[in-house]
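What TrEMBL records for 5-355 is domain 'Kinesin motor'. Annotation source TrEMBL lists ATP binding site at Gly84, Gln85, Thr86, Gly87, Ser88, Gly89, Lys90, Thr91. The coiled coil annotation in TrEMBL covers 363-426, 479-555. Under the heading region 'Disordered', TrEMBL lists 644-673. Feature annotation from TrEMBL assigns compositional bias 'Acidic residues' to 650-662.
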Amino acid sequence: MQEVNVRVAVRVRPLLTKEKLSGEQMCVRPGSNQNQLILGTDRSFTFDHIFFSKAQQEDVYKLCVEPLVVSLFDGYNATVFAYGQTGSGKTYTIGGGDITTLTEEEYGIIPRAITHMFKIMKENKTKTFTVNVSYIEIYMEELRDLLSLDTPAKDLHVREDNKGNTVIVGAREVQCESLDEVMSLLESGSAARHTGSTQMNEQSSRSHSIFTVVIGQNWSEPDPVKDTKVRQQSVNNLYGLEEDDMSHYMSGKFHFVDLAGSERAHKTGNIGDRFKESIHINSGLLSLGNVISALGDVKKKSTHIPYRESKITRLLKDSLGGNAKTLMICCISPASSSFDESLNSLKYANRAKNIKNKPIINRDIQSIRFEEMQCEIKALREELARQKTTVSLYADMEGLPDTGHIRELEDKVARLQTECGHYRMVAEQAYKHIMEIQEKEILSKSQNVRLRDWMELLEELKSTMPMNVSPEEMQNGMIKELQQELQKCRTHLESDEKIFAEKSREMNQLHDTIKEFEKSASLMESQLHEEMMKCQQQAEQLISQQIRIDELEAALKMTALQDSSLDETSSLPLALTSTGGISGRRPKSVPAHVYKAQEDGSRLRPASRLIKTSPAHFTLERVMQSFRARSQLLISRLEDEDDVLHQTFSDDEDEEKEEENISPEQNGEFGKY
Ligand code: ADP
Ligand code: MG
């Protein structure tokens, strides 16, 4: 699996009119190359992409996001997240704001990406697509469903599915048919986001938001190795394959994340609720910073990545160090007054550059296995076809089916053999004549030497090529060789057939496994349903108990009121008691045995004193405490069951730690990491 770094882009927005009017100076400028930026006088940073104030929304989309949308259709997950201080242009860049007020040129990444996705889907006629959209925000460390505002936060849970992907259980996923539908969900969800006015941005997002689009793709392909010859049929029979096309499924998930501003409290002038929000926002960003540090610090090589410190880090687990292709867009303001914040953001982004992800294609595992097997079959079929050609050639040569070419060759061989025989005969006659001439000793010395050489050469030839081998004998030798070759091919064929049979068995086993998985999935589904019903019943019980507590509290209060009014009307409790008047009745808040004891011996004590140190009051406390303890017990039991229920999704769920509630403000490191 190939590792790729998280890509980091920096976007410097233009000075806003307000900033220009107040005489703000620019503190950011381009460096010597296009990927470099200089902050202040000498702090230089290099990133994958840098967009200065003149860059348009389209430039950002085309350069950084378009490739991710394309790879989404190849089955990869992708994430784009915007980071930066409040008012630096995150929402503007991501495009999660109010799009009704924007021109098309001003559209940010989300509207552009979904338009592009629908264009790709329209152009591809060979596949069927499904588009599912969800939109959630994390506000004050609680999840909120922006597409279903009535869903209580406690019904939304971050979990890991059986493939290790992070999912939000309970969030509404809307299946969309058209671009307009997705746009209207984006619009309505964005309008529901928590925003508030700060000194730095009139429409500051006070939450982290995640807009997610899941594209599912279904297509069927003809068997790539379909062979129209007879062999195909026998292979199919062996393999138990249908002639039908093979269907495939693949999906990709795209997260668009608009993080809340990384502001410092004093800059925004936040007080009260805004201040509390800031603490939550900053603690989420602090955790994100810790995750980025742990993943990106090459020197540290941390083994523990603190994803569980906050909801945003849990949700971005796949995107940071996981299996998605991720782009971080760090937005900064060019104003000198934001120098510190810009420096912090750039340092943050600089670390993120080192994070390595391992993107994978989200294919159905069975489908991948099937495809691998198909490749194997293809290779085997090719091998078979090759051997078949060789075998048929040999069969032809055995003389069964005659071919003109072979005849021609045979004639040529015969002709050559006759010619060869003639030459041999002539050569042998010449040999004899030369021997006779040599014996007469009429040749010069050098002529004798050359003749001897020639004779030796002829002797050599005679010994290597027996002179009296008939053409039939030669043919027989050749046929023998060919027969041996044929035998070898047959053995190969047999072993191939065995392999086919083996693969066929494996296929059947795989089919069985799929069926088993399906069965266990439906079983788990019904168990889940049952457990959910149980939870609902328990919640109802809790509510009725709470109502009962309220009733009891009210009743007790009433009794206390009645008793105190009694106390006020009787100026002489002892006298009234002795006349057997109102105080003759036992106050409801006093248990009967205590009252009896008082009647027996301690009746001389004033009644009002009994009421002030009222054991009934004490009992109310106790009753309340026990109810609280019981409901706490019930809630924790519910949570336990909830966890157990989701054990199947996440093995390491029990690792979940209690969140550390250390505010970054307390550490004196607000907004830093
Ligand atoms: P953030 O989400 O980071 O708090 P916003 O996206 O709301 O910031 O931007 C703050 C203001 O700056 C908005 O009025 C927005 O229109 C403006 N703005 C941000 N980036 C740009 C840009 N690249 N070009 C023009 N205006 C921008
Ligand atoms: Mg914003």
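Each Cβ is built from the backbone N, Cα and C atoms, and glycine gets one as well.
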### Message
Based on a Cβ-to-ligand 2 distance below 6 Å, what subset of the binding-site residues Gly87, Gly89, Lys90, Thr91 would you report?
### Response
Lys90, Thr91
### Task
Just name the winner among Gly87, Gly89 (the binding-site residues) by count of other CB atoms within 10 A of its CB.
Gly87
### Task
Could you tally the C-beta atoms, other than its own, that fall within 10 angstroms of the C-beta of Ser88 (ATP binding site)?
29
### Query
Three states by DSSP: which one describes Gly87 (ATP binding site)?
coil
### Summary
Same-chain residues at least 6 apart in sequence with Cβ under 8 Å of the Cβ of Gly84 (ATP binding site), in sequence order, are Lys90, Leu259, Gly261, Ser262, Cys330, Cys331, Ile332, Ser345
